[in-house]
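Written below as structure tokens is the structure these notes are about.
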Amino acid sequence: MSTPTDPGAMPHPGPSPGPGPSPGPILGPSPGPGPSPGSVHSMMGPSPGPPSVSHPMPTMGSTDFPQEGMHQMHKPIDGIHDKGIVEDIHCGSMKGTGMRPPHPGMGPPQSPMDQHSQGYMSPHPSPLGAPEHVSSPMSGGGPTPPQMPPSQPGALIPGDPQAMSQPNRGPSPFSPVQLHQLRAQILAYKMLARGQPLPETLQLAVQGKRTLPGLQQQQQQQQQQQQQQQQQQQQQQQPQQQPPQPQTQQQQQPALVNYNRPSGPGPELSGPSTPQKLPVPAPGGRPSPAPPAAAQPPAAAVPGPSVPQPAPGQPSPVLQLQQKQSRISPIQKPQGLDPVEILQEREYRLQARIAHRIQELENLPGSLPPDLRTKATVELKALRLLNFQRQLRQEVVACMRRDTTLETALNSKAYKRSKRQTLREARMTEKLEKQQKIEQERKRRQKHQEYLNSILQHAKDFKEYHRSVAGKIQKLSKAVATWHANTEREQKKETERIEKERMRRLMAEDEEGYRKLIDQKKDRRLAYLLQQTDEYVANLTNLVWEHKQAQAAKEKKKRRRRKKKAEENAEGGESALGPDGEPIDESSQMSDLPVKVTHTETGKVLFGPEAPKASQLDAWLEMNPGYEVAPRSDSEESDSDYEEEDEEEESSRQETEEKILLDPNSEEVSEKDAKQIIETAKQDVDDEYSMQYSARGSQSYYTVAHAISERVEKQSALLINGTLKHYQLQGLEWMVSLYNNNLNGILADEMGLGKTIQTIALITYLMEHKRLNGPYLIIVPLSTLSNWTYEFDKWAPSVVKISYKGTPAMRRSLVPQLRSGKFNVLLTTYEYIIKDKHILAKIRWKYMIVDEGHRMKNHHCKLTQVLNTHYVAPRRILLTGTPLQNKLPELWALLNFLLPTIFKSCSTFEQWFNAPFAMTGERVDLNEEETILIIRRLHKVLRPFLLRRLKKEVESQLPEKVEYVIKCDMSALQKILYRHMQAKGILLTDGSEKDKKGKGGAKTLMNTIMQLRKICNHPYMFQHIEESFAEHLGYSNGVINGAELYRASGKFELLDRILPKLRATNHRVLLFCQMTSLMTIMEDYFAFRNFLYLRLDGTTKSEDRAALLKKFNEPGSQYFIFLLSTRAGGLGLNLQAADTVVIFDSDWNPHQDLQAQDRAHRIGQQNEVRVLRLCTVNSVEEKILAAAKYKLNVDQKVIQAGMFDQKSSSHERRAFLQAILEHEEENEEEDEVPDDETLNQMIARREEEFDLFMRMDMDRRREDARNPKRKPRLMEEDELPSWIIKDDAEVERLTCEEEEEKIFGRGSRQRRDVDYSDALTEKQWLRAIEDGNLEEMEEEVRLKKRKRRRNVDKDPAKEDVEKAKKRRGRPPAEKLSPNPPKLTKQMNAIIDTVINYKDRCNVEKVPSNSQLEIEGNSSGRQLSEVFIQLPSRKELPEYYELIRKPVDFKKIKERIRNHKYRSLGDLEKDVMLLCHNAQTFNLEGSQIYEDSIVLQSVFKSARQKIAKEEESEDESNEEEEEEDEEESESEAKSVKVKIKLNKKDDKGRDKGKGKKRPNRGKAKPVVSDFDSDEEQDEREQSEGSGTDDE
């Protein structure tokens, strides 16, 4: 049978104490509101005593303190214990008064102090020794008659703890007044504990000056009740003299003898007439189940505190009960239970429970969870400490002084004992008397001294008073000054608040509010900036408007010609034409598109799938009479727009805009209106300045740029296998708006947001809705060409595309398809755009799209110049994820490439943003607000032409990307090599290069920073180091494999710890390196660890790249690592299959690393991406990382700090590089290498992975410990060979030897004769460069020289092999591709004009255009005669000393012939340099000086004339090409046949000559050229054949 327990404890069998009678098991519900016996509290608190009655215990003596009141009175005492004020002087008197609510089966518990003061100590104290849990000897089991008068011994004064606990002692020492004061003090403590103020009446009651009103009423009620009790007792004294003794025995008997009986009420104590009372609620507010109803002896039938007191005039219910049961009522008060026996009973039960609990805890099962087992062990150890605690408590209590108790503290003399005086004490008394006299004398003197001191103090006080008066005056003046300072501070705060408000409005782009605040402040600089902004934006607005007007005029001309051609074709009954004027061919892409048709009578329009295909249009129109082809409406104006040419531009633009705003396919007008309203609202919201400008009555810059807007609600039907996201549709709508408004732009979405898909969507949308079928030219990096092809195949398979790449033969095979025009998109790379411009530039491209457009950030780069010079593409779009990498001119270069008519001058653009106050003469330094204002106006300028969205803004579903920089240690080999390279710029060797093998040597290397980076990555990147170590470690072939690969490098050792963990948890890795030689070492390491990997670097072919991507991305791919170079593999690749990116060494340009990271962190990634950037501690890599972080911080501001501070020079940049190489104090605290646990936290995505990684580390350490030949993870110094461990003096000696050998040679050893002079003359070398056989020609010349010598080497073959192996000398130059014939001809014409110009006596020096035309026939002095060829260096040495770059016309003509000039600008530079050299060397006013000025102007005039001719020629070419395009198919075929016949007849003729012959017939200004027509034809023939061979 288990005892009842509380919900938190475990049930256990009933107690069985050792010897002596055992109490029976406790049956039924818990006997009272307290905790049940089995709980922890039951062990500490009171134990149930003898059988309890069924109603609560009455208060003895008086009913003034019911049980609930006692419980509430105990709360402040708990607060006293909690607040730590137990040592207070009133605490002792309060502790005995406040009692816990009594257990129904026993008396109220008391503190040990109270027990001690009552003259007894518990023989078995509580195990925990808590004062509030010590049991009281007074039991609630046996009731006390309530009629006991207060005068009798044992009468109880309410609230007296001593009287309550000791009924047999005398009257209490407390008077009623003291008790009232004590209650008031308890109430005061209670209120103070709650933080409440004390009322005045309570304060007086605490001091004993007045009693509380409630207490006075209680006194009166108490007196009345005592009188009633005395009367009742006197009435019952006579008949009740004898029965008390059996009743007392009957009450004590259960407590002393019968332990086996249950603790419920006994039958001899119960009566049938006792009413059942509800149990008193527990302190927690939860009522305990009521015990069973039981009869009660008459003496115990006193009502509890819950029964209301009867009025004085009515008989008490107690009297009525006693009258009914008068036959068994005792005559006098029955004696109470013996408290000692009750205490013993409680202790027995506690010991039995403890013993049973210990036994139960010792026998716990082994399958318990760890946390429960820990709790059980703690409990078992606590129970075993019980006897020790008991002994300790007894010793402590025995040593307590009795005068600390409440009773003895009040009467301190009660316990004094008289003491006999002895002789020794008498002597001591005399001694003390003498000391007393001495002390009195000392006090007298002290008093006199104090008197003197008081006089002096008065003097001090007098002075202090007057000083304080002066201080008050000072304080007053200081307060006035403080008031003024506070006022000034408040004004300053107000100014700052206004500035913050201004900044807030500026950041929120509230321009109207910002301008108002500027006007209030009267800030001249900010007002000037705003004025500049308005002027510049107004200027740009005008430029945009003019650009759009010019484009619209060109479009009108084309439309007019097309319309005219269409009418002619309609009259001649020609075949149907496409929208661009060309005839529709069944094999062309247009034949698959639906053509919109309309019914002539009903006006019904068929479009989309219902409309007929272009190839079946004629047959469909015959089968469906009444239909005709509907006029096009989207991008072109209707026929009425062509006819009304004099109509105002504004109205036509509004009509066009309305035409696009209102959806032509919707049927209800209300829908149209609603859409128009929404579109207008959208424009207002989208444009950050439209509201302000409309308020001022002018039109917004953005609104002017995007005047024609078109709503794009869904993607094209040609775009299949996927749906565009919302932000991608917005990007498509923005690009369509650029198309509609004849503008170009930059799509600069962050990497990974699908710029490729948006571009394909634009192409398909234009093909479907605008009938613009191309051709589209897409220029991409080689690494992404395969990805673009894959995306086109996936998203737009119906688009005909050509991948223009491969060998020259492969590219040549694509030319017929290019000429036929049966394609939509041409994909090619930057290199082929430059190389094959003579083929690709002949096609008139409709759209040019450049991927990774930041490649064109240099305006003078070859790609930009070739595209601008040779290619015709009116519409252009740049795609880039990083539009602003470094400086402002790079951004201008992009904008100038897109919109040259708007962004003309770089200097104006840069000056406007860099030095806004340069013209005003003020300081140029900008504060934060001015900087932000400039950034805002840059945004304002870029807004119509640049669209950029970030991942965090548009793609919230994308998982997180977390980057960690992991510091790596160096091996001993790395540290030594790094130290010497950093200090001296030398690399230690084993001396084999000087035939001192094993003795050591040093090799000086250039580009120290690069060598330091290589040492940080891996020391075996230096081949001689690896070969020497391979010999030292016993490896053959000079190649090291196995564990020594990662022991030599700290980064490799870190990878050796990380990669196995990532493979075990199925995390796939992209590993980016900067150096391909490092990738080779990495491959050896992967082979050692059996990691399956793929490698992609700059040498990987384009077709192989697509296969590698496919292998890695396929679902069940077995490849764990993809090894990529940062530059080749970091652009445009989709590698979402990996979720871990390791950047082995950081790039100087942080955007390269960001591009690399985003190969994995892009749309489609499902897992969290971890980027681990490895960095060697205390090395150059930390400086590179810091520089990269600085650049990234700059990029976040859009404009970097260098744009506003133009003070940095090349000297400062050199100093910065030098600072990187200087020694710095090592800061080991900052550069802590992470331990395994930190590393695991970085790479683990979940808690389970972290635990697995920790176990793997433990297994690795155990395995290393078991290995008898174990070595440390990193190479240590004692493993290094002797030649590498050198002290600084020896390294200095080796360095000096190296320098001496460079200067003096190697001493006695005969040096090999090496001829360092050029074996070839300059002509031979140039010819060899052209032919591409430089090495063979050099080798031939050397062999000829060698044959001439008498002492021929015995083994020349060996030397040849050695030389061929080393390939010393000038590297083979790449053969230059020839310029277009047209450009070469123009250059020759200009130079010949300048050379042949002759001076006439009757003409001014500076020629006009008319003079240039007739100068061929003029006679006079030829000005260029002196400039044709310069004198030699021997003839005129001073010229070559003064002029650094000499040049003459002969050299210029040679360069034209060798295609050194790529544009007329390059030619102009050399001609201007020639004239400038002449002006520098010759005196001003001399003949040559004046001739050079004339030749400058002649050159410029000739170039202008050539440019005008080119423009007129282009216009005529455009007209002819359009006419050719609009001819019928049969005519086109016949033209092709004629061209082929002409080619056969004129084998060497240029293929475009037949076309251009009519142009030559036109009258145009003739530039004099002394070459005859035959010579020109021969030159054109040779150039044409050259291009054909290409």
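Quick reminder: no glycine exception, Cβ is built from N, Cα and C everywhere.
Keep in mind the model is a prediction, meaning the values are calculated, not measured.
For HIS1459 (Zn(2+) binding site), the Cβ neighbour count at a 10 Å cut-off comes to 18, with all displayed protein chains included. The annotation Zn(2+) binding site is assigned in Swiss-Prot to HIS1459, HIS1476 on the grounds of experimental evidence.
The compositional bias 'Pro residues' annotation in Swiss-Prot covers 10-36 (among others).
Taken from Swiss-Prot, the feature compositional bias 'Pro residues' applies to 101-111 (among others).
Taken from Swiss-Prot, the feature compositional bias 'Low complexity' covers 216-240 (among others).
As annotated by Swiss-Prot, compositional bias 'Low complexity' applies to 262-275 (among others).
What Swiss-Prot records for 278-295 (among others) is compositional bias 'Pro residues'.
Sequence annotations record features per position, and here Swiss-Prot assigns compositional bias 'Pro residues' to 305-315 (among others).
The feature compositional bias 'Polar residues' is assigned by Swiss-Prot to 319-329.
If you look up Swiss-Prot, you'll see 555-564 (among others) marked as compositional bias 'Basic residues'.
Annotation source Swiss-Prot lists compositional bias 'Acidic residues' at 636-650 (among others).
Swiss-Prot lists 651-661 (among others) with the feature compositional bias 'Basic and acidic residues'.
Look at Swiss-Prot and you will find 1352-1363 (among others) tagged as compositional bias 'Basic and acidic residues'.
If you look up Swiss-Prot, you'll see 1510-1529 (among others) marked as compositional bias 'Acidic residues'.
The annotation domain 'QLQ' is assigned in Swiss-Prot to 173-208.
Annotation comment: Swiss-Prot describes 1378-1506 as domain 'Bromo'. As a whole-number mean, the pLDDT of the domain 'Bromo' (1378-1506) in this prediction is 79.
Swiss-Prot lists SER172 (among others) with the feature phosphoserine, giving a large-scale study or a structure entry as the kind of evidence.
SER1512 (phosphoserine) sits 46 Å from LYS604 (N6-acetyllysine), taking the CA atoms of both as reference points. The recorded positions near SER1377 (phosphoserine), taking a 10 angstroms Cα-Cα threshold over the set SER175, LYS604, HIS1459, HIS1476, are HIS1459.
Cα separation, HIS1459 (Zn(2+) binding site) to LYS604 (N6-acetyllysine), rounded: 62 Å. Helix, strand and coil counts from DSSP across the domain 'Bromo' (1378-1506) read 81 helix, 4 strand, 44 coil. Across the structure, HIS1476 (Zn(2+) binding site) and LYS604 (N6-acetyllysine) are spaced 74 Å apart at their Cα atoms. DSSP assigns SER175 (phosphoserine) to coil in the three-state reduction, placing it in neither a helix nor a strand. LYS604 (N6-acetyllysine) sits 93 Å from LYS190 (N6-acetyllysine), taking the Cα positions as reference. In terms of local Cβ density within 10 Å, SER1377 ranks first among the modified residues SER175, SER1377, SER1512. Each of the recorded positions LYS190, LYS604, HIS1476 was ranked by the number of other C-beta atoms within 10 Å, and first place falls to LYS190. The separation of LYS190 (N6-acetyllysine) from SER175 (phosphoserine), Cα to Cα, is 23 Å. Taken residue by residue, the compositional bias 'Basic residues' (555-564) breaks down under DSSP into 10 helix, 0 strand, 0 coil.
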